[in-house]
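Written below as structure tokens is the structure these notes are about.
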Amino acid sequence: MATPDLARDRSREERSVSRFQLALRRFRANPMAILGLVILTALVLVAVFGPLVWHYGYTEITPELSSPPTWQHPLGTDTLGRDMLALVMRGMQQSLLIAGTVALIACALGTLLGVISGYFGGLVDATIMRIVDLVLTIPTIALAAFLGNSMSKSGVSWLGLSLVLGALFWTSVARLVRGVSLSLRDLPFIKAAKVMGAGNARIMFRHLVPNVADHIIVSTALLVGVAILSETGLSFLGFGVRPPDTSLGLLISSAQSAVLTRPWMFYAPGLLIILIVLSINYVGEGLRDAFNPKASPTNPLVTSRILRRTKATKAPVSDALVSIDDLTVVFPSAEKPAVSGINLSIAKGEVLALVGESGSGKSLTSLAIAGLLPIGAVQTGQVSFDGKDIGRLDFRQWRAYRGRRIATILQDPSTSLNPVLTIGAQFEESFRIAGPITHAEARRRAVELMELMAIRNPEARLDQYPHQMSGGIRQRIVIAMAMIHNPDLIIADEPTTALDVTVQAQVLDALRVARERTNAAMLFITHDLALVAGIADRVAVMRNGEIVEQQDVFSLFANPRDPYTIRLLSLAPRLGADVATPAPKAAGETLLSVENLSRHFLRPRSQVAPGGDRTIHALCGIDFKLARGETLGIVGESGSGKTTLLTTVLGLYRPTTGRVVFEGVDLAHADAATRKQAARHMSVVFQDPYTSLDPRMTVTELLEEPARIHGMTQGMRKRALAALDRVRLPSSALERFPHEFSGGQRQRIAIARALMLDPRLVVLDEPVSALDVSIQRDIIELLGELKRDSDVAYLLVAHDLAVVAELSDRIGVMYGGQMVELGDAGQIMSAPRHPYTRALLDAVPIPDPVLERARLTGIRVPSWPTAADPLPPCPIHQH
């Protein structure tokens, strides 16, 4: 018998809310949008139906010339005796008709060409953008006046003017849509649609256009206003609507010479233009927010600056470098504090690890120390640095601390480095904070710091841009910059998240060097307890904005007191730990065969010395087979070719040479129809659950999309419910959007979508690396269950060797675009044959401070080349 909750979920599923209904709810909750709609509707009704009931026509002449407003003529009359109210109503008709037509033409043409340009890029993009540039060079008003005047003489006054203005105004929409489409086209949810077999038209108009919709709506609203003003200007110059017809612009033009003597003739149409433009803008903003699932329905007023209320007591006298007393951080729209009652201290030279899962308040605590809380955050309590209360510092006073005494290393180095400046220029800028320095001296000191970080070829790196380097090298450069002013405190906020194991070890080694060189204290923020074991002196564990436990690192690992800490330690992955997994199934027939697969890319000419080789050998002669029901794990550090291998197998890249044979069909050389048929039996789960799901689609639409693409619409809802049930999510999730779920729930939705059509192959691209440890465990167990219940095969890429060992039957090790070792999981983990495999295993941290520090003694992790680096005949021999 169904439980009440389950029955309720089923009933909600039967009456699931459409996207339009959800947008309507959000629009109705926006008071300014409703006000704009009421005003605009009233004006349109007056313009359309007013002339039918008003007793004067706009061409009718009365004997009352230039009469001011009276009961008989509420807006007065013009110099010919025509009723101004009748003229204004006719003028609104024409102006609204022209503006609406112009906006429709410009929006449709601009959206179409913009999305095509952004999606395809290359020659298509260059051609369309040159057309845009050409149109922009045309003097708009002059051409519109000439063409509009010519067409009006032919009897197509308002339509001719609308066509001309629409043909000239589409460029602004096209450029905007193109720019946003370029930024979206490489996101995982677009790649997922391609893997499912979606065609270009579906991807552009089902995925790209809805995600650009808020920009299009705002542009359209602005275009309506611009069109009205342009028509006003042209009519004012005598090139717009011609008498005896009229428009608001023509009325203003006729009255401009008598604005002082007969003001009613000027101000009535002028005020109506202002009302129309403002109301359309309010409606446009409301529609933008209504069709954006992430927009707040209530638009709460957020304070324009950080409000700080600190205790009226002096900072406590203490030997601690940092002292935090009862810190609380609240956001105006939140129901409870994001950080509540935090008490912490960091001694000089000490490393304090702040551990907790996403949303626990770790980063907000560090931002409070650095005075960088988001706008609108309300901070109470006291934060002291070296005996001084820094909670009351103004912007100028903070400059003496940030970058000099307090250095911050963020999770993503690409957001810490300026993308348009070379690394050398950014080093030099940092040096100049302390005072004048010559260019040569700045380069010399930058090279010294980069050498300390074990960065190869530092002189050459100084002339490169951030995007030309791997994530690990960028992070080590950020650490080097943090050392410039010998800070007293280094805040490292998740500095190794999602990095491969050897790169992670290099970054941690760089942090140790930085601390030893500067003798700085460190606040090390992470959710990985294995990293804490090797670097921290003390550990504070956070949960739901509160600190639940503080101990020195050895005591915490040996004798944790809080149940949450005990759970985190039990879930920490351990390489070689005994895992309760079933014995692998006997290998079935070959499902996927990759034969001599190579994929090469060309560097931009600007990145290659004259006469240098532009070729990047991302994949070099890869060979492997995958049987039905088998899991093949692929490991290797960043730049080894793992992701390129997956994307080539999925058909997102065409191989330079070699074959990808899926169920006997060579997909690399198959036609579009064959590849689409194969896509019916393949699916993918990407690393980032935040970008792998289209944010403008409900869960229902996300799950049903594979079936719609392949024309399997019968029983879609039942399959969607079954897929949600397999990943242990309630059916009530169907009507919600991705942003309404946690990271783990989003990844479950991605897995449910991958299973919708019962695929034979699921490609898993780092499926748990972006998740907290407890959520990782849930997803790993879920993938294991799904494999036991079916004969699905997994092609898995992960940088966490413990995860790969637990899920895989066989493991392949990649280095420099080559598969250097392939074998059974047990053999790879216990007795690797290749030295690079051994190096990977040796770099895995151990979640035990005694064992981890013993492992680190005397070890210096080498910096390995990537596929973009020139390789010697034996790339491993020097290690």
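A Cβ is built for glycine as well, from the same backbone N, Cα and C atoms used for every other residue.
So that you can see what the record holds, here are the features copied from TrEMBL:
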DOMAIN    92-284  domain 'ABC transmembrane type-1'
DOMAIN    322-569  domain 'ABC transporter'
DOMAIN    592-841  domain 'ABC transporter'
TRANSMEM  32-54  transmembrane segment
TRANSMEM  96-119  transmembrane segment
TRANSMEM  131-149  transmembrane segment
TRANSMEM  155-177  transmembrane segment
TRANSMEM  212-230  transmembrane segment
TRANSMEM  264-284  transmembrane segment
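Non-local neighbours of the transmembrane segment (264-284) in the same chain are 32-33, 35-37, 39-40, 43, 68-69, 75-76, 78-79, 84, 88, 91-92, 95-96, 99, 217-218, 220-222, 224-225, 228-229, 232, 248-249, 251-252, 254-256, 258; each lies 6+ residues outside the stretch with a CB under 8 Å from one of its CB atoms. Sequence-distant residue pairs (6 or more apart) of the transmembrane segment (212-230) and the transmembrane segment (96-119) include at least 3 whose Cβ atoms are under 8 Å, placing the two stretches in contact. Beyond its flanks by at least six residues, the transmembrane segment (32-54) meets 83, 85-86, 89-90, 92-93, 96, 272, 275-276, 278-283, 285-287, 289-290 of its own chain at Cβ-Cβ distances under 8 Å. For the domain 'ABC transporter' (592-841), the predicted model reports an average pLDDT of 88.
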